[in-house]
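Record features (TrEMBL):
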type: TRANSMEM; residues: 54-73; note: transmembrane segment
type: TRANSMEM; residues: 113-130; note: transmembrane segment
type: TRANSMEM; residues: 150-169; note: transmembrane segment
type: TRANSMEM; residues: 181-200; note: transmembrane segment
type: TRANSMEM; residues: 206-232; note: transmembrane segment
type: TRANSMEM; residues: 244-266; note: transmembrane segment
type: TRANSMEM; residues: 321-346; note: transmembrane segment
Amino acid sequence: MADLRKRNLDLDSEDDKSLGNKVDLSNTIPSGTDKAPELLDATLSSLPPRWRNWVIRGIFTWVMIFGFALMIYAGPLALMLVVLAVQVKCFAEIINIGYAVYKIHGLPWFRSLSWYFLITSNYFFYGESLVDYFGVVDNRTEFLRALVKYHRFISFSLYIGGFVWFVLSLVKRYYMKQFSLFAWTHVALLIVVTQSYLIIRNIFQGLIWFIVPVSMIVCNDVMAYMFGFFFGRTPLIKLSPKKTWEGFIGGGFATVIFGLLISYFLCQYPFFVCPIEFNEELGRMTLDCEPSPLFRPQEYTVPASLAPLVRMVTGKNTVMIIPFLLHSLSMSVFSSVIGPFGGFFASGFKRAFKIKDFGDIIPGHGGIMDRFDCQYLMATFVNVYISSFIRMDSPQKLLQQIYSLKPELQLELFTALRDSLTTRGILQLPAP
């Protein structure tokens, strides 16, 4: 009796008596890979399960691809809204697993707190983008000017409000679970909100920095599945038993070829390569510019070891290459070699809680998070890559930052710039 009493005291809450040390959410979290519309399910009922899943997965893969094309056609604003919607859904799927794991009852404030922190983090991150890219517009009115000036302080105050709210909501015998969910929420914010913010930053650099990486991940996922389905024999990793070396290698080669082809195609159109800027005269975002040398053919001298071969084909020791294709090659290698590890990470997470999918919103695929686990990893790489090797600050963006300064600071900057240009002989001032 004493041992039983002691064991009960060690439990954090009454829920632990039924939960014990085992966490199995297979009957709690719905699985999308086993779900299909009734009409389609009845039509494919005669097929073996393996082929039935292949057909359903293929159909909804094409549905998502066409949907992606429509979003691109709708423009950058539509893409940003879709990224925000995807972020919210991914956060909901991760948080729902947390609730199912820790099974807190009678604590309604905690669910509200999770969404409060989501709103607060979005206010901070997306506010940073608005300040950077729309500073001129924001400074037109006193109200927006104050929001810009005190943006970080307001964001910090909002977070501290949630922090105090959490401390006040702590309930005896639920401490461990509440702190666990607090950590769970912040990890979800780190994975989802931060990465979606980086996706938005990539979009502002030009749609090509969004379309190409996303398409590469889609291509790698589809082609790895195809190669694995038809030729897969050698298991790749224990975390995901269905993944094979044949699929991994085949998907990688297909991704490199696809990446070069789609990059070459997109480089021909200013709509895809121009940075997104706010046009003050038109009062809207624009995608109109003279494409930078990054997206136009440049002449390169080949290494001496390859010179004889190139000379046989072109008659000279140089080749014409669009520089972006070389960057595309780097992204395709990352998406095919490192990108799948985002999926392996998600597989390990799901195996830890004995669930098959994050949700069931996409038949044949699972939840939204099941499709975007690799995309978030890729978005971070692209953002770091741009910052490290590209980093194009447009004159328009610099002017927006200057216009946000006080008039006396703008005059001081003008005087310093004029004197510097005159001293270096770049600017000739008229004689007095």
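Glycine is no exception: its Cβ is also placed from the backbone N, Cα and C atoms.
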Non-local residues, at least 6 beyond the ends, that sit with Cβ under 8 Å of the transmembrane segment (54-73): 33, 36, 40, 44, 47, 79, 82, 207, 211, 214, 218, 222, 225, 229, 362-365, 371
Interface check, the transmembrane segment (206-232) with the transmembrane segment (113-130), three or more C-beta pairs under 8 A: no
Recorded stretch, among 113-130, 181-200, 321-346, maximising Cβ pairs under 8 Å relative to the transmembrane segment (244-266): 321-346
